């Protein structure tokens, strides 16, 4: 009877050790997979999917089941990873996965198309008597434009932030006339079979012309006072193509895997290329202000400062020509922040990206994120009007990385390493 009890005890101890080893093997394999995927995405490595085999080992820890009972499940990933799993006749725990080590993943590559949602927030702030900012948020541009325009077979969206100075007339004019200024061009009435490089080039040309026409329209004193002007930051999304155009010191910042990517440059004296451009044209700064009066080096309006020749070529350092950045969105691009200088005067691009990303992880609402970021700028003592637009390119926020911790004795670790090395 004693012998029987001792045998049962030894069997139970052996079974317990086997369960522990099995669990450690599972964790070890999954750790290898995570590290390999992390290395792949961080280094942009590409491998032939035909040579790849990845398995996900799932265990069922139940005393009623055989401890060697593993479930091998194929998993899908966007890129290819190769993991070698050793097999040995002396390691029965791995016998069940040895035959699966040549499993090939069928890689389903689909073109990323953003699922767009947005939110905005605006506040005149504690130090300004009037609100001079305006903004636009259109998540479904095709529906907004109506039947007279070509309905693109991909999502279209349009956003703008306009920071007025010398009054709100100029920023209000751009907002109220944005659809006719930016989308009356023939490029939006044609039917392109594909959004290719030729179409995108025509789109950029059309956008530059829209900025020029908007500036010329405000030359008329009956529309806008000559002492009034505005910055203009716009973002146009067509499928997975993003185009950002900027005149002035509003800023657009893209979040790519948590990192801030500036999609525009501040047109002001602190931006060295702009300072050189102004000075090369005979302009000068008093402190950080153009002619001691204007905080920006590019703007729409401000005709009391601009001088034009009869041919329409600008002779003034103050111009309305936008900087335009284009890019193709991927799964790594999470959201875009657009804000006036009242935001960027008190925080960096990375600060804003981290702040919004944390908000999206908490509640997933871009409207609430825009409000929280705007209020954060006010909390940091912004002295200007504050306007924020947050555009999400995915319906779900980036998940936080799970961290699994477990402790293994030196003896168990050594035995596991010996077993894995065969």
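Cβ atoms here come from the backbone N, Cα and C positions, even for glycine.
From the candidate list 123, 215, 333, 341, the residue Swiss-Prot records in the Mn(2+) 2 site shared with 163, 384 is 341. Note: residue 163 (Mn(2+) 1 binding site) has non-local neighbours 132, 133, 171, 230, 231, 248, 249, 250, 340, 341, 342, 385, 387, i.e. same-chain residues 6+ apart with C-beta under 8 A of its own C-beta.
Across the fold, the C-alpha of residue 384 (Mn(2+) 2 binding site) and the C-alpha of residue 164 (Mn(2+) 1 binding site) stand 11 Å from each other. The secondary structure of residue 341 (Mn(2+) 2 binding site), as reduced to three states from DSSP, is helical.
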